[in-house]
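So the structure is just underneath, and the comments pick up after that.
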Amino acid sequence: MIDFGNFYSLIAKNHLSHWLETLPAQIANWQREQQHGLFKQWSNAVEFLPEIKPYRLDLLHSVTAESEEPLSAGQIKRIETLMRNLMPWRKGPFSLYGVNIDTEWRSDWKWDRVMPHLSDLTGRTILDVGCGSGYHMWRMIGAGAHLAVGIDPTQLFLCQFEAVRKLLGNDQRAHLLPLGIEQLPALKAFDTVFSMGVLYHRRSPLEHLWQLKDQLVNEGELVLETLVIDGDENTVLVPGDRYAQMRNVYFIPSALALKNWLKKCGFVDIRIADVSVTTTEEQRRTEWMVTESLADFLDPHDPGKTVEGYPAPKRAVLIARKP
């Protein structure tokens, strides 16, 4: 059973304490009524993982944990088998006591693009919206963050996060809650808010930007990463039924249009930090994610287009400040 009590105790003593007015009831409702049919199977995999205290832990350059003495072949096999019970692994990679989880996405590449443009994360309280398995939260902790809170309603991601946390010595500096941004009150409590790979899934992208702003302290920093297309400040793609085989893609703006959207929502000091084409080296099928990936979503005769004929995925990172 995944227990959120440690998180409640933690925030009871800091500037997130007002969240306790609503959060425990939301989590109790989720536990009672909304759990996935496979959740018990996934949470059992977490429970059966060994308790290990890492001798060497690197969260600055990767997410790597090592023991003082090498684990036995049987111990490694146990960890690998239990972690494979939590497939598919989409965001990573993780290197845990000789078990190398080669995830669909090289999320470390995204972090390397984003990190140089961030304000110093040392001592910051961070919210990561749509955090997936929590890979980037661990990198935030490695960069000096005091606390990283992730929200993502996908329950497999929660179990993946808890599995990694257990193998990192039950590290309590990062926490994942099975909630969507729309379930959060306007906390106005986070120094930095990340939204990476979420905006294009929202039916109302400006509402999403307002929701992100409501989580920031004054002078707080927003880090927004999303799909974009080429064009001027008036260019926005509204795909038909699917984009790169994804059904739930609603709006893909140009980076300049996105900058205007942020301005309209009251953000300042808005800058386009990076624009990069997503490659089949960064997103691909692996032993830990065996179904279709980016190569299957692109036109086989023109990799500059999706199978639907739209421009192939390109992603931008924008940084902005809440005044």
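Yeah, the Cβs are placed from backbone N, Cα and C, and that goes for glycine too.
Residues annotated as carboxy-S-adenosyl-L-methionine binding site in Swiss-Prot: Lys91, Trp105, Lys110, Gly130, Asp152, Pro153, Thr154, Ile181, Glu182, Met196, Tyr200, Arg315.
Feature annotations (Swiss-Prot) mapped to structure.
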residue	record	DSSP class
Lys91	carboxy-S-adenosyl-L-methionine binding site	strand
Lys110	carboxy-S-adenosyl-L-methionine binding site	helix
Asp152	carboxy-S-adenosyl-L-methionine binding site	coil
Glu182	carboxy-S-adenosyl-L-methionine binding site	helix
Tyr200	carboxy-S-adenosyl-L-methionine binding site	helix
Binding residues Lys91, Trp105, Lys110, Gly130, Asp152, Pro153, Thr154, Ile181, Glu182, Met196, Tyr200, Arg315 (carboxy-S-adenosyl-L-methionine) - maximum C-alpha distance in whole Å: 26
Sparsest-packed among the binding-site residues, when each Cβ's other Cβ atoms within 10 Å are tallied, from Asp152, Glu182: Glu182
